[in-house]
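Written out below as structure tokens is the structure these notes cover.
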């Protein structure tokens, strides 16, 4: 039992900060903050490189940033000797992960960044559905969580339709690419949660290291076959500062990646998908403010539906424990009869995200 406790603690450190000795809300706040910071910076960098410089080399950029990841992981003190899972565990995960990265970045050549973010934000629904079919999870969610996810998706679709009317960077090819990435993301989150669940000793650094090492060679064929590696090399050679932007983006994304893996390990894939959705909404608004794009009434309506969906998802977490405690305190005779069982139920309700 003590060994199991140690294993759990090992998987709950974030850049030297111990998460296991903190309450759930603090764990959630620390992980979410790292995630928000990393991907807000990532979003600004991608908007600049893809839309301002018109560089749409998704495979090549992912390849370059993969080596930055490996260097940062090495600085964190991780080595292959510390692995607790076999390499084959990460082969399928890495293939899907790299495919998702490539399609996501490549879709920016056909979609503007806010439209892409809105499509990607819908992944909360397929994540919830796919969780029921992943071995080791078999998760089932209450009806109100599906309703909140549907509201979220409707808001995203409404926004995308409005964005298509005001942006020239919108095409069927881009939609197909980002939808493929969306399905892959749904599989990735649940599979990562399953790995953390089945083997609690798995660390975030191991997950990221193995996924990157296995995934990097998978990027070579599409880069060569499409000729992207040669075009990207020539373009970036003429604008060497782009590599500086890519390294800076990779460092920020690394912080976000490790933080989101911590969220998945502690709170699960569906809750993490909600957090990523909130981040995408914030990134979207920043994109419009920084790059001065028009925000129509239809955009605002879509964002309102998104807010309603997120609120519906979070509302029971705040209200349910209060109702539980009130009803319990008002019926002392029932509590006296149920004894420890009622006490245990109240304690469980205090931490609904466990």
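From the backbone N, Cα and C atoms, a Cβ is placed for every residue, glycine too.
Heads up, TrEMBL stuff is auto-annotated, nobody curated it.
Feature annotations, reproduced from TrEMBL:
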type     : residues : note
TRANSMEM : 25-45    : transmembrane segment
TRANSMEM : 57-77    : transmembrane segment
TRANSMEM : 146-164  : transmembrane segment
TRANSMEM : 170-191  : transmembrane segment
TRANSMEM : 203-220  : transmembrane segment
TRANSMEM : 240-270  : transmembrane segment
REGION   : 328-354  : region 'Disordered'
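With pairs at least 6 apart in sequence, the transmembrane segment (170-191) and the transmembrane segment (203-220) have fewer than 3 Cβ pairs within the 8 Å limit; the two do not touch. Cβ atoms under 8 Å from those of the transmembrane segment (170-191) belong to residues 92-93, 96-97, 99-100, 103-104, 106-107, 109-112, 115-116, 119-120, 122-123, 126-127, 129-131, 134, 137, 163-164, 264, 269, 272-273 of the same chain, restricted to positions at least 6 beyond its ends.
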